[in-house]
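Visitor: Handing you a structure now.
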Amino acid sequence: MRVAPEFYELLRNRINISDVVRQKVALTRKSGNYVGLCPFHQEKTPSFTVSDSKRFFYCFGCKAAGDVIKFTSNISGLSYNESAIKLATDYGIEIPKLTAKQKEFYEESDEILNILELANKFFRTQLTPEILNYLHERGITEETVKEFSIGFAPKNNKFEKFFHDKNIDIIKLGKAGLIGKRENGEIYNLFSNRITIPIRNIYNKIVGFGGRVLGEGLPKYLNSPETTVFQKSETLYGEHKAISSSYKKNHSILVEGYFDVIALHQAGFSEAVASLGTSVTENHLHKLWRAGDEIILCLDGDNAGIKASIRTINLALPLINSEKKISFIRLPNGLDPDDAVNKNGADFFAKLIDKRISLSEMIWHIEYSGKSFKTAEEKANLEKNLKDYCSKISDSNLKASYYRFFKEQIWQNLVTKQKKATTKNSNLAPIISSHGYSELEMLEHAFCALLVKFPIILEEKDIRDFILNLNFNNKSLEEFRNWYLNEIIDNNVEASEITAIVEKTSFFDIFLLLSKTDNLFLDISFNKNNIRLDLLWQWLHKKYYLINLQQEYSITINSTDNHDFEKVLLYKKEILKIANELQVLNESFINHTIT
């Protein structure tokens, strides 16, 4: 009984794969998934994983992988189609009958798939030593040539004769996307004089071909036209091999070309796929996200690659959230993924993966790097572009995080640099305390001391968000802040256990400094016997605001000969107001007055 492919998707959505697997395998819950002993090979330690969210199983031992239908097929020995029917019967799901039009459609699809399989067998027989030598020069081994069924379409009439002998006419070859028609009406083999690379769908069926011209002809690369079985917006080259690897690694690598995919697979990066001569689509992204939470784009670093990155960013922004992510590998100038792995090796490419940047970082790189922001108009345009990106994000929490990230980047790369330049030009030296830190760095120490001595203060969301998003001048303190929040505070580590944990890290010296009974940063007493956290926080927050206000005041005074006196007066008024408020707090709380 023939069923539509849409019915397979219905089964995947309606039936939890863990329910089916549990009938054959004892499963244990682990990190949101399930693990158990693989039913397809002998093992003593569980390496078989099942994910309901990804609707997928994978064995790290024997590499068995697939969906709920594939699992049933592997267990029962039935075909994929027969397994789908069995599952529908077992779970009481109605099997929709095909209409006459659907039957005609699937009969035509089957015929096209058969023709494409025959074409690939023919192309494989046409490989010559010259072609193999060309492939070897590109770093492709004979084993890889076989694995990817790479072939060759000759110029002569062997192709036409091959199908004529099998009683397959021109009309059928046209429906399969194998022939073209010249302006003079002449019919020809579409892939004539090209290396052929079969394109397979998720079910490992050949649905089309890619062709690379032998020599310098144009176009260099050619894809099959869209047919009944081949839609470029749905298909990714290499997906039949990559999906199981993407599930295992929880990410996929999206590149531009066939040979990029082939080179990466040969080097061990079997999670690589490529879009087929077209822009990345929503369907592509959703297909990859079903297999792994992160899609790593690795596009050429030229102008075309940057434009492709921008298109993909704009497409992805409404779709991403804290779980479904996009990141980018930035290739060295002049390299594509094929070159990167063949010329520099797998270890080099693995390091590029490790150094990948987030989508937000890529946006900042595109909008900021190599550009001038000397004028108000240039800065305003930067802010507008960044806000436009943020506005496309549907996830409200992520949108807020992006706004904060870009605000921090603007502060670090524009405001802070301008402040430093102004300070240098006006001979204004930073205020240094007896501890050897600037006033701002002492405040940073004080904020970190709060984490260590009074973590209860973080129960106030505004305070936690402020400390979490604070951009430290002292990067060692910033690293300590991030580590302490993630590893100690968020894990609710008992106070008696903290020292033993920190002692094993590189942060121990900082921790000891911050843990002193009477911390002397800014001459503030952190002694718990007389502490008032509300007043302490007010003092620190106002002091931080005052220092930044004074720096902005200095910029205004020194940035031009013609001062904006109204603005200067406003700064003076605000500085005096905050200084007076701090004085009141000093008298109420601080042991040693600061002036």
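Using the three backbone atoms N, Cα and C, a Cβ is placed for every residue, glycine included.
Sharing the features that Swiss-Prot gives for it:
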- 38-62: zinc finger (ZN_FING)
- 250-332: domain 'Toprim' (DOMAIN)
- E256, D300: Mg(2+) 1 binding site (BINDING)
- D300, D302: Mg(2+) 2 binding site (BINDING)
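Buried or exposed, and what's around them? Tell me for each listed feature.
Guide: Within its own chain, the zinc finger (38-62) is flanked in space by residues 12-13, 16-18, 21, 24-25, 27-28, 32, 68, 70-71, 74-75, 243-244, 247-248, 290-292, which lie at least six positions past its ends and keep a Cβ under 8 Å from the stretch.
Around D300 (Mg(2+) 1 binding site), the C-beta neighbours below 8 angstroms that are at least 6 residues distant in the chain are E256, L331, D336.
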Visitor: Which one, from the binding-site residues E256, D302, has the smallest tally of other C-beta atoms lying within 10 Å of its C-beta?
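Guide: Per-residue Cβ counts within 10 Å for the binding-site residues E256, D302 bottom out at D302.
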